[in-house]
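Listed in TrEMBL:
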- B:10-142: domain 'Exoribonuclease phosphorolytic' (DOMAIN)
- B:Arg86, B:Gly124, B:Thr125, B:Arg126: phosphate binding site (BINDING)
- B:157-223: domain 'Exoribonuclease phosphorolytic' (DOMAIN)
Protein chains: 6
Amino acid sequence: MRSDGRKPNELRKIRITRDYLKHPEGSVLVEFGDTKVVCTVSVQESVPPFLKGKGQGWITAEYSMLPRATQTRNIRESVQGRVGGRTHEIQRMIGRAMRTALDLTKVGERTFWIDCDVLQADGGTRTAAITGAFVALADAVIKLYTEGVLTTTPIKDFVAAVSVGIVDDQILLDLNFEEDSRAKVDMNVVATGSGMISEIHAMGEEHTFSREDMDKMLNLALAGIRQLVELQRSFFEVRGGLWLRKNVREASLEG
Amino acid sequence: MRSDGRKPNELRKIRITRDYLKHPEGSVLVEFGDTKVVCTVSVQESVPPFLKGKGQGWITAEYSMLPRATQTRNIRESVQGRVGGRTHEIQRMIGRAMRTALDLTKVGERTFWIDCDVLQADGGTRTAAITGAFVALADAVIKLYTEGVLTTTPIKDFVAAVSVGIVDDQILLDLNFEEDSRAKVDMNVVATGSGMISEIHAMGEEHTFSREDMDKMLNLALAGIRQLVELQRSFFEVRGGLWLRKNVREASLEG
Amino acid sequence: MRSDGRKPNELRKIRITRDYLKHPEGSVLVEFGDTKVVCTVSVQESVPPFLKGKGQGWITAEYSMLPRATQTRNIRESVQGRVGGRTHEIQRMIGRAMRTALDLTKVGERTFWIDCDVLQADGGTRTAAITGAFVALADAVIKLYTEGVLTTTPIKDFVAAVSVGIVDDQILLDLNFEEDSRAKVDMNVVATGSGMISEIHAMGEEHTFSREDMDKMLNLALAGIRQLVELQRSFFEVRGGLWLRKNVREASLEG
Amino acid sequence: MRSDGRKPNELRKIRITRDYLKHPEGSVLVEFGDTKVVCTVSVQESVPPFLKGKGQGWITAEYSMLPRATQTRNIRESVQGRVGGRTHEIQRMIGRAMRTALDLTKVGERTFWIDCDVLQADGGTRTAAITGAFVALADAVIKLYTEGVLTTTPIKDFVAAVSVGIVDDQILLDLNFEEDSRAKVDMNVVATGSGMISEIHAMGEEHTFSREDMDKMLNLALAGIRQLVELQRSFFEVRGGLWLRKNVREASLEG
Amino acid sequence: MRSDGRKPNELRKIRITRDYLKHPEGSVLVEFGDTKVVCTVSVQESVPPFLKGKGQGWITAEYSMLPRATQTRNIRESVQGRVGGRTHEIQRMIGRAMRTALDLTKVGERTFWIDCDVLQADGGTRTAAITGAFVALADAVIKLYTEGVLTTTPIKDFVAAVSVGIVDDQILLDLNFEEDSRAKVDMNVVATGSGMISEIHAMGEEHTFSREDMDKMLNLALAGIRQLVELQRSFFEVRGGLWLRKNVREASLEG
Amino acid sequence: MRSDGRKPNELRKIRITRDYLKHPEGSVLVEFGDTKVVCTVSVQESVPPFLKGKGQGWITAEYSMLPRATQTRNIRESVQGRVGGRTHEIQRMIGRAMRTALDLTKVGERTFWIDCDVLQADGGTRTAAITGAFVALADAVIKLYTEGVLTTTPIKDFVAAVSVGIVDDQILLDLNFEEDSRAKVDMNVVATGSGMISEIHAMGEEHTFSREDMDKMLNLALAGIRQLVELQRSFFEVRGGLWLRKNVREASLEG
């Protein structure tokens with residue numbers, strides 16, 4: 001039994017609240033236990049210079065935390081005058097995950113800005129961000145289709161992410177902050193609705209792990225992602241490649 | 001009648017949700033209509049160098065907007081590498097308002113960090129921020145008192161803020177974004193529970209206004225602030241200078 | 001009687017020296033007592049991107065102090081790598097004041113850069129800057145007219161500014177540094193030649209003030225501005241909406 | 001057969017030149033084919049503030065490329081005024097790998113700065129950097145031991161890294177730039193001399209991969225790392241936990 | 001004859017106005033023709049970290065131009081967020097010149113901040129700055145002596161600077177902007193009252209010059225510096241190594 | 001005899017290795033004793049805005065040191081977020097020297113980026129950089145000619161540089177770091193193959209020097225440059241103004 005009463009292979013309570021903000025083309029509040037992340041998608045009618053004239057789209061992700069999302073206050077990156085290494089690492093991962101989800105050759109010369117802002121952090125902010133951002137991104141694509149801007153909804157598959165770690169020699173799913181800070185090995189996995197892997201990042205901070213541990217962790221992560229995709233699925237109706245919104249405002253998964 | 005059905009002297013629906021986040025010493029979500037601001041207070045056990053050894057405290061405020069709090073996406077100040085002029089202007093006003101509320105000579109060598117992060121913007125973000133931040137600050141002070149860190153609750157008075165403007169030759173209270181963008185004159189007022197003024201900032205962007213308009217606008221603003229203070233009052237019980245929390249999680253004022 | 005011998009409602013010695021530098025389209029040295037500010041106006045034949053093609057002009061103001069304008073040396077903002085909050089606040093106020101003075105729809109797609117650089121600071125640098133910058137701006141506009149670039153001199157009215165404050169419970173006009181640092185309430189007012197208000201910014205640093213104090217302070221400020229406008233008037237001849245230079249190199253007002 | 005004549009499971013020619021520079025405590029030039037990286041280790045007699053007084057050491061890594069290490073010239077990060085996301089991602093990985101190699105509790109309050117500067121880039125710069133930096137780090141530790149500063153050589157194990165990718169549906173070891181730019185999936189693995197894994201980072205840029213591909217890629221990477229460790233081993237003599245330098249200036253591995 | 005009527009070996013009108021500002025320990029306005037530079041000296045009672053505890057002082061110089069000191073407006077370095085190469089080059093030269101003038105071992109652990117701010121530029125700003133800064137520095141040193149902070153006036157010698165250049169195959173002294181922009185070779189020389197050289201910087205922008213030209217240019221520069229030192233000398237009385245102020249407010253040299 | 005056994009007028013061992021890197025249009029490793037600098041030339045098919053449409057080319061130089069090129073580690077300028085004064089001073093000198101060597105009116109609208117990166121520093125990095133960069137620049141120009149991009153090789157003359165200094169009252173050529181740090185006067189000279197001077201920068205850090213010393217130093221420097229040009233000459237065959245590559249990979253000069 002874990003400190004919050006979960007079994008090793010159990011997710012925290014997961015909740016996604018759709019249309020969380022009124023301005024963005026897509027927006028959700030995603031909660032993995034006490035971790036709360038606002039994910040918004042903004043559509044810009046142009047692409048970065050290196051893609052101009054190529055007839056395809058682009059996705060860029062940015063990630064930030066409110067100064068007091070954490071136990072002690074963090075200095076704003078705007079005040080420090082630069083974006084830190086951890087932020088870069090996370091937002092690059094979010095961007096890659098979203099580019100896996102969307103067929104960029106079929107969205108025209110548009111940029112989808114994914115903004116993930118952490119209101120409250122309790123471990124797993126990047127995996128919550130990816131899981132929530134997918135829903136906001138699909139909503140934005142469907143909006144473009146509904147408005148006639150796009151003639152299809154070129155979403156390739158669901159994409160979700162979860163963390164796994166080794167804590168006190170036990171492999172645990174979806175670590176909270178307290179577990180994460182004691183973990184010897186920490187792994188984040190991004191995978192699709194059909195079980196294909198988009199990204200794996202496993203690392204032993206000052207520790208190492210065996211090939212066998214790697215296999216077990218990966219199995220557990222993929223099982224967790226299957227559940228997260230089921231939750232995402234409750235927001236959409238997919239028929240013959242066409243994605244549509246179900247009339248669902250909020251959905252949750254009991255841990 | 002205004003575009004959202006309000007009378008000229010009517011506030012929007014105002015709502016304050018207390019203890020909005022779990023980590024900060026004080027935190028609220030404050031809503032002025034569709035404007036939503038998270039206000040947190042973080043207590044740091046030291047003061048800036050220029051106050052060291054003087055036995056008094058300090059308050060610093062920071063303000064930011066999520067990139068898609070607005071109708072079109074804003075570039076993050078962390079990405080631009082610097083805090084902009086509008087942000088500086090607003091956070092300096094929030095800081096001054098909070099320093100009016102608290103007797104800094106009685107809080108020890110502590111810094112209160114006020115963070116106001118706008119989730120959604122529809123006009124009046126700075127006045128919402130001040131009105132909400134006061135509640136979070138008082139909660140943080142009461143927490144220090146409850147934990148025995150402070151022996152009193154040196155809050156001097158309630159502090160709230162509201163905007164007034166001249167739109168189509170009419171003086172309106174608590175402008176929303178659409179009204180604000182058409183206003184010829186725009187005024188923000190910060191005042192206390194006893195009706196004393198902390199700050200007035202009135203300006204005609206490319207227009208001017210008469211002494212008479214000024215008087216009318218100020219009267220209207222002070223009347224609005226009285227209502228906002230009533231809302232703030234519902235969260236506290238003040239007896240003989242001692243401030244205590246009432247068991248209220250959320251309070252609202254119908255516009 | 002004040003420390004420098006003035007009566008409460010008395011300005012310091014004010015002096016404006018025209019054509020102070022040879023390169024700018026307009027330039028003055030303005031002195032409010034020991035406060036000395038160089039104001040220059042530079043005309044650029046283009047506007048910022050957000051105004052391109054709209055057929056109107058723009059005004060941008062920048063403000064800075066020499067490192068040793070003050071009693072102790074300040075670190076240059078170029079060395080700090082960023083413009084500070086106080087600077088932002090002041091230069092935004094100067095820009096608004098100048099945009100009140102000029103009809104931007106009649107100057108073509110041109111930008112007027114207002115640069116106010118403080119050589120010596122003794123309180124009231126922002127009000128001196130506004131009062132002086134108006135003269136430099138009008139000179140630049142007249143120069144464009146004289147050269148045939150403009151067919152009119154679209155100056156709407158004189159614009160000047162002054163400070164008022166409450167020091168030792170007395171309301172004083174045009175504070176010097178020593179008074180300013182003891183003031184409980186500090187107000188800056190910008191107004192036009194016809195007595196209309198452009199901007200009021202009143203604030204009680206850790207103090208508050210009554211509605212009645214506000215009225216008295218505003219009256220005093222408007223009276224001071226009337227005198228400053230008289231001084232500005234000595235540089236120009238205005239006939240039927242057309243502004244022309246009088247052959248005056250320097251004018252002053254005894255405090 | 002690959003474009004450079006290698007078999008799929010074949011490394012490029014790998015060469016490590018020891019004592020490449022005269023000032024650092026440890027330095028090598030490492031070459032993976034045409035990829036050339038200078039790795040230096042600098043020992044500083046203090047630790048970052050968060051570790052002060054804890055009696056342990058720290059390792060920080062920095063990575064950079066000469067502007068013309070690549071086919072087209074890159075703008076220097078010093079000129080851009082900030083370190084980019086890719087650089088952050090790589091230098092964090094190098095730092096983690098080196099912290100796996102060294103027992104930080106036994107080096108005193110010292111910081112080991114690892115600097116990896118790419119002279120010429122042809123794919124695999126981060127894996128070359130890690131493989132070379134280990135040798136420079138061990139040399140620096142041995143130097144401290146030889147000088148009597150340390151009483152042991154607290155190196156835990158060899159650490160090396162290699163890349164694997166899927167190109168044209170074939171799994172290839174140690175990608176060069178041309179292969180890397182065509183790869184659908186790209187994986188970097190860091191492992192130790194005893195075959196334990198320190199870090200795995202696998203990602204499909206706009207593509208996904210199966211669990212089975214993952215297993216094959218990992219097997220190939222671990223086989224490659226075994227060869228790299230053999231090359232590293234030729235520089236050291238390890239007896240009873242004590243590491244000593246063999247008199248070897250340069251060692252290479254034919255691809 | 002030159003465009004401004006001077007002979008090739010003639011200086012422009014040079015004027016130094018002492019005590020130009022009231023706050024600094026020393027301050028002058030120096031004019032070389034239409035070039036006008038404010039030089040101030042600020043004394044700080046500490047030295048940079050690398051000198052702490054060594055019992056000696058330090059001199060640091062900073063140089064800047066008002067945005068409209070020049071024919072077209074320059075962007076402020078504070079707005080650009082960094083100090084440019086030309087500024088660095090000039091302020092380093094000013095610093096070296098001033099360190100030649102003062103015996104830093106006899107001023108205690110103090111830093112002399114030299115600030116040279118160009119109000120109006122017409123060529124030769126760096127040589128004007130050096131020539132004026134010396135007077136301000138000597139005044140600051142004498143002030144410290146007069147106040148009893150120093151027991152001597154450890155000024156080693158007068159230091160002044162001038163430019164020379166080759167324009168239309170003629171060697172000219174003290175170039176103005178128009179000459180400077182046509183010059184094929186440009187040389188700045190810093191020398192002392194006894195004719196010893198502190199610095200020579202000669203360069204042919206896209207041109208070269210002979211050894212013979214070099215000798216002629218240097219002769220001319222040294223002759224010009226002798227005149228500048230005479231002007232500086234009119235401000236001081238030097239008796240037995242002790243420097244005192246003469247009661248001179250302004251001195252000039254007809255070109 | 002000097003600490004490294006050289007006579008006062010003797011260069012260190014100088015070596016230039018051509019085609020040091022594979023990507024740039026020209027690249028060398030230049031060694032002046034233990035000072036090692038990589039010089040690369042990158043050709044860009046455009047010019048800076050101020051030259052657009054003028055039909056001529058441009059040369060820009062950048063200089064940097066690896067963090068551990070020196071005895072103690074330097075903080076990277078990318079981490080500091082700005083390029084320092086010394087770097088600016090050096091890279092401006094390199095740029096001027098290269099602009100002396102090339103007829104910019106005959107290279108079309110192209111920019112030649114000169115990058116000089118110091119691998120190891122032991123005094124004289126700027127003079128080594130200039131001497132090496134010339135060879136890389138000429139190689140790049142010849143490459144453009146060979147590829148038919150240019151119809152001539154518009155190199156005006158050889159350009160090389162050397163340092164001279166006064167150490168212990170003796171005038172020494174080509175100072176190493178230890179000598180440089182003891183030198184009272186330090187001079188860098190850039191000159192051409194025909195003995196014309198491009199730049200002289202002589203300065204006495206807190207010391208001065210006589211006209212006579214200046215002459216002796218300059219003579220010694222010019223003699224040193226003649227030797228360096230001989231070394232450069234071994235890489236090229238110049239016939240009737242046309243420069244061609246000799247088949248030489250490396251050439252050196254014994255000190």
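Placed from the backbone N, Cα and C atoms, the Cβ positions cover glycine too.
Other residues of the chain with a Cβ within 8 Å of the Cβ centroid of B:Arg86, B:Gly124, B:Thr125, B:Arg126, the phosphate site, are B:Tyr63, B:Ile90, B:Val118, B:Ala121, B:Gly123, B:Thr127, B:Ala128, B:Ala129. In the structure shown, across all protein chains, B:Arg126 is the one of the binding-site residues B:Arg86, B:Arg126 with the greatest number of other Cβ atoms within 10 Å. Residue environment of B:Thr125 (phosphate binding site) contains 25 other Cβ atoms, counted within 10 Å of its Cβ in all protein chains. Annotation for B:Gly124 (phosphate binding site): spatial neighbours B:Arg12, B:Phe32, B:Gly33, B:Thr35, B:Val162, B:Ser163, B:Asp174, B:Leu175, B:Asn176, B:Asp180, criterion Cβ-Cβ under 8 Å with sequence separation of six or more. Secondary structure at B:Arg126 (phosphate binding site), as computed by DSSP, is helix.
The helix, strand and coil residue counts that DSSP assigns across the domain 'Exoribonuclease phosphorolytic' (B:10-142) are 45 helix, 41 strand, 47 coil. Summarised as a single figure, the pLDDT of the domain 'Exoribonuclease phosphorolytic' (B:157-223) averages 96.
Residues of the domain 'Exoribonuclease phosphorolytic' (B:157-223) grouped by DSSP class, helix first, strand second and coil last, total 19 helix, 29 strand, 19 coil.
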